[in-house]
Amino acid sequence: MKILGIESSCDETAASVVEDGVNILSNRISSQIDIHSRYGGVVPEVASRQHLLSILPVIKDALEEARTGLDEISAIAITNGPGLAGSLIVGVNAAKAIAAARRIPLVAVNHLHGHIYANWLFGKIPEFPCLCLTVSGGHTDLVLMSGHGQYQLLGRTRDDAAGEAFDKAARILGLSYPGGPAIDRASQDGQAVLDLPRSWIPGSHDFSFSGLKTALLRLVESGEVCSVNDAAASFQKAVVDVLVTKTINCAQEYNVKQILLAGGVAANNLLRKQLSEKSSLPVSIPPMGLCTDNAAVIASCGYFRFISGKQDGLDMDVLPALSVTS
């Protein structure tokens, strides 16, 4: 069964064809990073206009790469939230138009669930129950997954998401956008010598990174930071220490079979290394290309929703504030 996935929740226009939820036949992405880097962040109106220019060519390319026609597509999986409203609308309307014209079933996919399904697109299929650490620019969640479509939120950020914290730290240090990769690169040539705080929030699986960001800002303003690379390495280590420790503790408490990593920040080299080395449980870490926004994960998630009987009508709306448990 072939599923066409479409993703346009932020600044990547993507389309993919995935077979049986696990086999990627194509995965095309049109990135807007070079455009938004001029502004130091994503400009919603610019993003939606770029999606309009890219959406149909990207879908066409994905079908051609997969050597698949629309008559072979069993369903269209489309991200309908969370994300930027203007960006989501472009992808959703394109999916609706194709679905209506070709009478193809439509399946709405939660973008956060899609990230988790990166772990079904390589290697060994995950076992339930599993704990997923989903870390991105807008979310930092610990999600217990007891089966397909069964999500329980165990921990979340109380302020800045990990990716958002990296972006803010990069701006403080004068590094480029996007901040996560910039911090990661700078850290390669630095040492974690700064004593930055970690917010553990005893008795909770929640996260908090705003205090860490403020501490870095104060050190920079006081002139105590002499090396940008050392500051980047110190900040990165503080974030990763908290993510890894709280994830492992949560996994042990809920007696899961394995840990899954997902989201854009899952591409961080130190996080990938530390989580795999420190966990006594098996850890599933997606390839770099499946961590950032893409449509293959949307198609995979959509497949499992579709075979369980889930479908959506042409009246489906975008849900910019959708949560992982919605």
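Placement of Cβ uses the backbone N, Cα and C atoms for every residue, glycine included.
Residues annotated as Fe cation binding site in Swiss-Prot, with sequence analysis given as evidence: HIS111, HIS115, ASP293. Taken from Swiss-Prot, the feature substrate binding site applies to THR134, VAL135, SER136, GLY137, GLY138, ASP167, GLY180, ASP184, ASN268.
Feature map: annotations from Swiss-Prot on the structure.
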| residue | record | Cβ within 10 Å |
| --- | --- | --- |
| HIS111 | Fe cation binding site | 27 |
| HIS115 | Fe cation binding site | 32 |
| THR134 | substrate binding site | 26 |
| SER136 | substrate binding site | 24 |
| GLY138 | substrate binding site | 19 |
| GLY180 | substrate binding site | 26 |
| ASN268 | substrate binding site | 27 |
| ASP293 | Fe cation binding site | 25 |
Alpha-carbon spacing, ASN268 (substrate binding site) to ASP293 (Fe cation binding site), which is rounded to whole Å: 14
HIS111 (Fe cation binding site) to THR134 (substrate binding site) - Cα separation in whole Å: 11
Cα-Cα distance linking GLY138 (substrate binding site) and ASP293 (Fe cation binding site), given in Å to the nearest integer: 12
HIS115 (Fe cation binding site) and GLY138 (substrate binding site), Cα-Cα, nearest whole angstrom: 13
Rounded to the nearest Å - Cα separation of HIS115 (Fe cation binding site) and THR134 (substrate binding site): 7
Secondary structure of SER136 (substrate binding site) (DSSP, helix/strand/coil): coil
8 Å Cβ shell about HIS111, HIS115, ASP293 centroid, Fe cation site members excluded: GLU7, SER9, THR79, LEU112, GLY114, SER136, GLY263, GLY264, ASN294, VAL297, ILE298
